[in-house]
Amino acid sequence: MNYFDLPKIDLHCHLDGSVRPQTIIDLADEQNLTLPSRDINVIKEMMVAPETCPNLDEYLKRFELPGMVMQTAEALERISFELFEDAANENVKYLEVRFGPLLHQVKGLSLDDIMDSVVRGMKRAEAQYDIHGNYILSILRTMPKDQIKAVLEAGAKHLNDGIVAFDLAGSEIPGFCHEFVPYAQYAKELGYRITIHAGEQGAGQNVYDAISLLGAERVGHGIFIHNHPEAYQLVKGEEVALETCPSSNVQTKAVNSLSEHPIKAFYKDGIAVTINTDNRTVSNTTMTDEVRKVVEAFELTEAEYFDIYTISVNNAFTSDAVKQHLLSFAQ
């Protein structure tokens with residue numbers, strides 16, 4: 001298989017974890033910000049997580065530099081465009097990007113400006129390249145909840161025209177879903193699709209709760225259903241897709257090594273698995289890398305790869321017309 005040429009779908013990719021290091025330097029110059037260094041190798045080292053981190057929280061420290069520069073409309077539009085450009089250039093045909101709008105208000109940007117900027121960057125890339133995309137609004141579980149409704153209302157102006165879904169992300173504690181039930185309900189009332197980060201840090205119960213309490217149609221990671229039979233059966237029975245991110249799952253210690261990743265066992269048992277990058281820069285990866293790692297580690301055939309590709313298409317938060325277009329690459 002030529003992994004670069006294969007059509008690819010990425011349903012789980014974070015904007016602030018996928019910024020080009022050179023762009024950090026460029027934007028810092030434009031914004032008169034002082035970086036710890038102007039050496040791109042030093043900047044890259046600060047943005048890329050080690051191959052294995054002690055835990056997820058250590059991995060999340062790599063988002064500090066992007067957060068510093070992602071505070072203007074111009075920066076957000078550029079970073080959005082470049083991410084879709086990078087994906088298109090390795091034959092990613094459809095990309096869903098998630099980001100936390102509340103993280104980009106340090107300099108007073110309005111929620112409307114934030115949403116407009118990322119969608120504008122994406123649409124510019126869609127016009128220039130053979131790629132389609134959408135945005136997912138991520139709320140960090142640790143942030144105050146009083147702004148969540150405002151985020152959802154601002155995003156609703158672009159609903160199904162660049163923004164499609166609601167997500168909860170960040171450090172994961174057991175039982176977090178209970179306190180977010182009203183917000184997930186409100187998101188659904190507005191017309192958002194639901195995907196929730198859960199089961200990345202040891203709590204299979206969180207996956208069960210994400211589906212049963214929050215109405216998750218997809219789950220970010222979901223690794224720890226392997227030791228929670230009720231969550232496992234719910235995912236399987238409800239055909240909830242898992243957004244697995246192999247390199248990231250190894251880095252954050254969700255699994256000890258790629259060979260121990262449950263993606264193939266899940267797949268063979270009929271669970272809807274997908275292959276995704278999570279954070280292209282922080283995990284120093286591409287979709288080409290992720291596909292190669294999974295295909296080679298688990299000896300997948302080309303037919304099995306295209307089956308997983310089709311699972312990704314069927315679970316994408318996009319229109320039937322776009323899905324038909326994406327399925328044409330698998331024929």
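Residue numbering: from 1, along the chain as shown.
The backbone N, Cα and C atoms fix where each Cβ goes, glycine too.
Site annotation (Swiss-Prot, ligand Zn(2+)) includes His12, His14, Asp278; from His197, His226, His228, the additional listed residue is His197. Here is what falls inside 10 Å of the CA of Glu200 (active site, proton donor) among the recorded positions His12, His14, His221, Asp278: His221. Between the C-alpha atoms of Asp16 (substrate binding site) and Asp278 (Zn(2+) binding site), the distance comes to 10 Å.
Nearest by CA distance to His221 (site 'Important for catalytic activity'), out of the binding-site residues His12, His14, Gly170, His197, is His197. Taking the centroid of the Cβ atoms of His12, His14, His197, Asp278 as the Zn(2+) site, the other same-chain residues with Cβ within 8 Å of it are Cys13, Gly17, Arg98, Ala169, Gly220, His221, Glu243, Cys245, Ser248, Asn276, Asn279.
In the structure as shown, the Cβ atom of Asp16 (substrate binding site) sits within 10 Å of 25 other Cβ atoms.
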